[in-house]
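Mind looking over this structure? Questions follow.
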Amino acid sequence: MLSKVCCLGAGYVGGSTLSIIAHYCPEIQVTVVDTCDEQIKMWNSDTLPIYEPGLDEIVKLHRGKNLHFSSDIDKAIDDAEMIFISVNTPTKNWGLGKGRATDLTNLEAAARHIAKVSRQPKVIVEKSTVPVKAAETTSTILQFEAKSRRSLSNLTITTNDNKLNEFVVLSNPEFLAEGTAVNDLCNPDRILIGGDSHSSSGKLAIEMLRWIYLHWVPAERILITSTWSSELSKLAANAFLAQRISSINAISAICEQTNANIKEVSKSIGTDHRIGPHFLNASLGFGGSCFRKDILSLMYISETLNLPEVASYWYSVLQMNNYQIDRFTRNVIGKLHNTLKGKRIAIFGFTFKADTYDTRDSPVIPLCNQLLQEQAELAIYDPKAHHKQIESDLLISNNKDSLSQFVHICSTPEEAVTNAYAILICTDWKCFQS
């Protein structure tokens, strides 16, 4: 049904997802492209740009066979019958919706590039996390650009005697957890495909994407919805997970003021089959590239729909996350006799969770900033976080001279704990549990 697909964006989602497609679909030539030459070089090297257990072996098995990483974006677009868009969609930091709305600049640029280069219609698959109606906007851009070029009038993709005579945009959000992405992709709880099942082109596009996933995913796990439902489901899923983390952290605050044990309470709650045990471990708080961004997006959508109470509800989830970090800092200060000045504190873990190199929006960053404001000396150790990335994250709120004087990035845990007044285990790496 398909012989060539490509992905715009060689980041965490694009690289991982398309590698798994290449693994299960040997008859499909898969190409992942990016505007960053250095990123592509790393995908083609022995050191991948991301750390994900099991991914390295899969990439090496298929790279150069039916899995390719390239900077030739135009050729990949023109050759492909289906194009996945997996570009960064950060929170806007300017203008209307600043600090809440999703910045769709990269998504729009990708759509315009596809329309500019394509000599025939394509199925466009939206992998990036986006607000509701983004697929509709992308489709409008593609159709407008195509008509303005007048280049698609007599060209069609022919598949099993069916014809695709226009660009079709599908929503196919990812539901990956960093650290378990390979297993999440190989054994998904569900695959969500949002599209227009009422049009012939929409039906064909949905069936083409469904055909790919049927190579390894049971049919009953592939859910077909409208694009609106699919886009909102992704935001809602992340918001619900973040909500659980904030909820258990709120309970942990009560436990600390009583004789209750948070681990016992968490287990008691989690054994209820209506609730389940996942995301019920009290922690420093949630982080990563998704949770905060997606809750902010959900808040902004609620505001634009004149639903202030709904927006306020989701904002409280973020407030609780910030409160947890502040509370942890106050506890550290209290345990060390209300002064941290000149005291060395070992920080175990800097990534936002275990089994990843990713430090984006890690709760450890604001914790370190607060400790530095108290004039503590920090000795930071993380088994995977890059030293330069740690420095870069802390430089946002601290000057270089201050970091060189008060922050030591260590290569071993033993180095970090030397002369330390306290050890703060901030990320649940297995090596810290032994």
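Keep in mind that glycine also has a Cβ here, set from the backbone N, Cα and C atoms.
A TrEMBL annotation is a machine prediction, not a hand-curated record.
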Of the candidates Lys92, Lys98, Lys353, which does TrEMBL annotate as part of the substrate site that also includes Phe175, Leu176, Ala177, Glu178, Lys234, Phe279, Leu280, Asn281, Ala282, Ser283, Gly287?
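For substrate, TrEMBL names Phe175, Leu176, Ala177, Glu178, Lys234, Phe279, Leu280, Asn281, Ala282, Ser283, Gly287; of Lys92, Lys98, Lys353, the listed one is Lys353.
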Roughly how many angstrom lie between the C-alpha atoms of Gly287 (substrate binding site) and Arg360 (NAD(+) binding site)?
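Spelling it out, the Cα of Gly287 (substrate binding site) and the Cα of Arg360 (NAD(+) binding site) are 7 Å apart.
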Would you find the one among the binding-site residues Lys234, Lys293, Arg360 whose Cβ has the most company, meaning other Cβ atoms within 10 Å?
Lys234
Taking the Cα of Lys234 (substrate binding site) as the centre, which of the binding-site residues listed as Asp34, Thr89, Glu178, Lys293, Arg360 lie within 10 Å of it?
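Near Lys234 (substrate binding site), where near means Cα within 10 Å, there are no binding-site residues at all.
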Expressed to the nearest Å, what is the distance separating Asp34 (NAD(+) binding site) and Phe175 (substrate binding site) at their Cα atoms?
22
